Structures are given as C-alpha cells and as structure tokens.
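Lifted from TrEMBL, the feature list:
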- 1-193: domain 'G-protein coupled receptors family 1 profile' (DOMAIN)
- 18-37: transmembrane segment (TRANSMEM)
- 57-78: transmembrane segment (TRANSMEM)
- 99-116: transmembrane segment (TRANSMEM)
- 158-184: transmembrane segment (TRANSMEM)
Amino acid sequence: MCIICAVTWDHRLQTPMYVLLANFSFLEICYVTSTVPNMLANFLSETSTISFSGCFLQFYFFFSMGTTETFFLSAMAFDRYLAICRPLHYPTIMTVQRCITMGAGCWVCGFTYFLLPINLVSQLLFCCLNEIDHFLCDPGPLIKLSCVPAPGTEITCAIFNSVLIFSTFLFITSSYTLVIRAVLRVPSAEGRR
C-alpha cells in the first residue's frame, strides 16, 4: 500500500518503472487475498470446506494473478533492459502511456491465459469424496477427484504451465543477462555503479 500511495501522490515517481512497481504491489495484495481468507477461515472453523463454485473461483483468481505476476516481472525486466541497454532511446520508447498499455496487457493476458484449463477441469465429472487435503484448489488434486481419467486435461494444464513458466523465465533471464553484459562493458567502476 505504501508503494502504491507513494507513486500516486508523488508526481516525480510517475515514471514507467514505478508505475509497473505500483501495479505489481497492487497485484501482490490481490494475490494474497485470493487464498489467505479461506485458509484463515479453515483454521478457525470446525469444518474446512469450500463450495464447488468457490473452489473454481479461487482456482481461477489464484492462477490468473500468478500468471499476471509473471507477465509483470517480464515487463519490469524489459523496462530495465531498455533503461540500461538503450538509455538514449528509453524516453521515446517507454513512455508512461506505453507503460500503462503494457500494464493493462499484463492484466488482460494474465486473466485470459488460464481460461481453457479451468474450463476443461470444470467440465470433469466429480463423483468421489470431493475432499482435497489442501487449502488451495489446485488442478492436480481437482483432477484426481474426477470419476474418469482425464489425461487430456492433465496434459493441457501441464503444457499451459510449462509454456508460461519457461517462456517468461527465458525472457526475464535474457533481459537481465543483457543488462549485466551492458554494465560489465562500462570501463570504470564508477560508471558500473
């Protein structure tokens, strides 16, 4: 909240890096509230249950915000790459308007990326005990509750997770590798700092 307030109130901080950071801070607040209230309610109550629709709602928001987080980390890595490796072009490339567009893109992509896997899991038939020994409605335990084997759904979820994790990891790693390379090319220690 402090970061969001500081960026909102101090006009000097309304630069792309801090706008992305404020969005990331807001995302972290939402991300935690997608699971912690239910977890605390389970700790404090006699019965640790969640409705079927509540489980899928939690599943959707938790994974959507996690996906949005990886997109924001990628956008922040790209911003730092531009600022350090292309300092003369940075003000024309990364305007506040473009930064807001990138942030909106992160939110939209994050909340649409997992729609297919969530839809596939919700179409499964559940006929067993319907108990998950977790405080989070995760696709693995949900798929295990299905009456029929669902290898297609499991493979689809695994592919979606793998593509997201590896593509954003490679993008972030390559961005910061280029940043480190650019910093190490600076001849003086003072310049590198």
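Glycine too: its Cβ is placed from the backbone N, Cα and C atoms.
In TrEMBL, annotation is done automatically, which means it is predicted and not curated.
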Considering only Cβ pairs under 8 Å, which range in 18-37, 99-116, 158-184 makes the most contacts with the transmembrane segment (57-78)?
99-116
Which bits of the chain, at least 6 residues beyond where the transmembrane segment (18-37) starts or stops, bring a Cβ under 8 A of a Cβ in it?
1, 3-4, 7-8, 58, 61-62, 65-66, 68-69, 72-73, 75-76, 79, 96, 99-100, 102-103, 106-107, 135-136
State the mean pLDDT for the domain 'G-protein coupled receptors family 1 profile' (1-193).
85
